[in-house]
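Data first, discussion second: the structure below is written as structure tokens.
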Amino acid sequence: MQPKAIWALIITGAAGFMAALDNLVVTTALPSIRKDLGGAMEDLEWTVNAYTLTFAVLLMSGAALGDRFGRRKLFVTGLVIFTAASAAAALAPGIEALIAARAVQGVGAAITMPLTLTLLTAAVPADRRGLAYGIKGAVDGLAVVGGPLIGGTLTEHVSWQWIFWLNVPLGLALIPLARLRLDESRAENARLDLPGTLLVSGGLFGVVYGLINAHAHGWTSPGVLTALIAGGTLLAAFVRHGFRAERPMLPMRLFKNRAFAGVNAASVFMFLGMFGSIFLLSQFLQNALGYSPTEAGLRMLPWTGMPMIAAPLSGHLADRIGSRPVVVTALALQALGLAHFALVMSPDVSYAAQLPGLIVSGIGMGLFFAPAAKLVMSSVRPAEQGMASGANNALREVGGALGVAVLASLFSAQGGYGSPRRFLDGLIPALWAGAAAVALGALAAALIPAHRGTPHRSGAPAHRPGRRALTHAPAAARALPPTHPLGNCRVLHREEGRTAATACRGAGKSAAATGGRRADQRHPQAREREGSGHRLPEEGRTGATPRQGSGKAAATVCRKRGGPAPPPGRELEGSGHRLPEEERERQQPPLQKGPGDCRREGDGGAGGVSECCRIFVGGARGDRWGGRFRP
């Protein structure tokens, strides 16, 4: 990777580590905090929940603000807020001040976290993003699972305040680095959707607040029911707003994409099972088995360490075989690990009996993050990546809050803290519920359409299932015999994706370049990012038929060679010309080599330039792809 990409990975990885670490770093420090600051058990729970609440509620708003005002600018702002709030938490004189500082920490994390993925995507070349996502996923996974270990070690050997002081020097180092090493970016023509921001923030607040309080007050208590109903109503209004508004902060049409919807559902179920299980298992090791905070954290080390090994591998696998099978495998392993815990747990369970579950769960978690991030970011256009990242992170946090609430409620209904046996009576049903939730996530991921076809050199898929994707004619096309009446044009069909491309040879570079610019200018809504694999916006997919004479790149390149005008058939892209029916249906062998850009080659020893023109011909449903041509 280039230095720019390496710096982006370091900065976003460190910022993501801080934000993810503070989710659970306080859990092993709660007894010491209570001893120093006082407070009831409910107050101690809010030292954890205040962070989760503001983090989950403002994640989507943070992403939207970054798209509107500049991602680097908002990223730095979030770092400043998070660092200052960490210092305030370390200096808190009482439990109320600590809870308030934790809430402000969540605000900073909500601004920073979704922008880490967007800034990393912008800085890393597409063919290296799988590796970058894998490394970042390993760091995030280490922070989530390592939170209890780090918190327990600092609390036992220094003081609980140092779990917050730890963020201060790191934040102070990242702020100038981000300003110097990250490029500014923002979504094109982005504007702040104030009604959508208010609806989603209020809705998430009600839902997360209700979930957090359900454990302490019961699911049927008036306060919990009111919060859940009000939050659900506001979120329903947000969904309606996303369908009806001209430019909403989260277009609901994104969820019509099965990949985007599936990976978000899988993320919710995965975090539900993982967060709830870690919350209870860390307490089991201390309360039932009698380990100190450091000893409990060390015994969780296989779960903590496996993501460091598995996550980079998952990025490589996602680049090679696709993201879906890696995500399904990851969630299946995570479910098996939790099921193993439920089967072997007893008051005198040995560490050797727990070890397989720790290792399998750690591998599963490590394999999940990179391909899931890749699915989210590749299923939307570049201008929508900020909102997509914010939505995914918000849903993860909601899943985590839901997991703690649901599994803790199951634990309280069946067991308690009175004895190891009593603790196990509640822990085992909760672990089975966590395993079932992660298994549902694996099922949701399995329903994501499989990626088939040759990837671009950029790393993006050449097409998306059920849609036509932009396909470049590879150099291998030049070896095929001429099959098209348009001079030296050769039609190459790709049966799997029902797409086709036409490679034209021998034309002057200027003719193709001029025509290509004209096509882009005349049809901006229907233009697809070259080589990105991103899907067109809804308005682009339902656009009007091409105008006569507009976007003549393909036809101009071919006709410069003196070829005849094409006979009646289906229209070329934006050219006003049509291909004959028999040529449309003609099937050639699928492209085997990775498609790329137009390549220079000698032309009769003159050093000329050959240009590839992209012509989309009809497949079974090609007449409406992107609104580019119709029968």
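Every residue gets a Cβ built from N, Cα and C, even glycine.
These features come from TrEMBL:
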TRANSMEM  7-26  transmembrane segment
DOMAIN    8-453  domain 'Major facilitator superfamily (MFS) profile'
TRANSMEM  74-95  transmembrane segment
TRANSMEM  107-124  transmembrane segment
TRANSMEM  162-180  transmembrane segment
TRANSMEM  192-212  transmembrane segment
TRANSMEM  218-239  transmembrane segment
TRANSMEM  259-280  transmembrane segment
TRANSMEM  300-318  transmembrane segment
TRANSMEM  325-345  transmembrane segment
TRANSMEM  357-377  transmembrane segment
TRANSMEM  398-417  transmembrane segment
TRANSMEM  429-448  transmembrane segment
REGION    453-488  region 'Disordered'
COMPBIAS  471-481  compositional bias 'Low complexity'
REGION    500-611  region 'Disordered'
COMPBIAS  517-541  compositional bias 'Basic and acidic residues'
COMPBIAS  570-587  compositional bias 'Basic and acidic residues'
Beyond the flanks of the transmembrane segment (7-26) by at least 6 residues, Cβ under 8 Å: 1, 33, 47-48, 51-52, 55, 75, 79, 82, 102, 105, 109, 112-113, 116-117, 119-120, 122-124, 132, 135-136, 139-140, 142-144, 146-148, 150-151, 163, 167, 170-171, 174, 177-178, 181-182, 275, 278-279, 282, 400
Same-chain residue ranges lying at least 6 outside the transmembrane segment (107-124) that approach it to Cβ under 8 Å: 1, 4-5, 7-9, 11-13, 15-16, 18-20, 22, 51, 54-63, 65-66, 71-72, 74-75, 77-85, 132-133, 136, 182-183, 185, 373, 376-377, 385-386, 389-390, 393-394
The transmembrane segment (74-95) touching the transmembrane segment (162-180) per 3+ Cβ pairs under 8 Å rule: yes
Taken over the domain 'Major facilitator superfamily (MFS) profile' (8-453), the model's mean pLDDT: 85
Intrachain residues whose Cβ lies under 8 Å of the transmembrane segment (74-95), provided they are six or more past its termini: 15, 18-19, 33, 37-39, 43-44, 47, 62, 65-66, 101-102, 104-105, 107-113, 115-116, 119, 161-162, 164-168, 171-172, 174-175, 178-179, 182
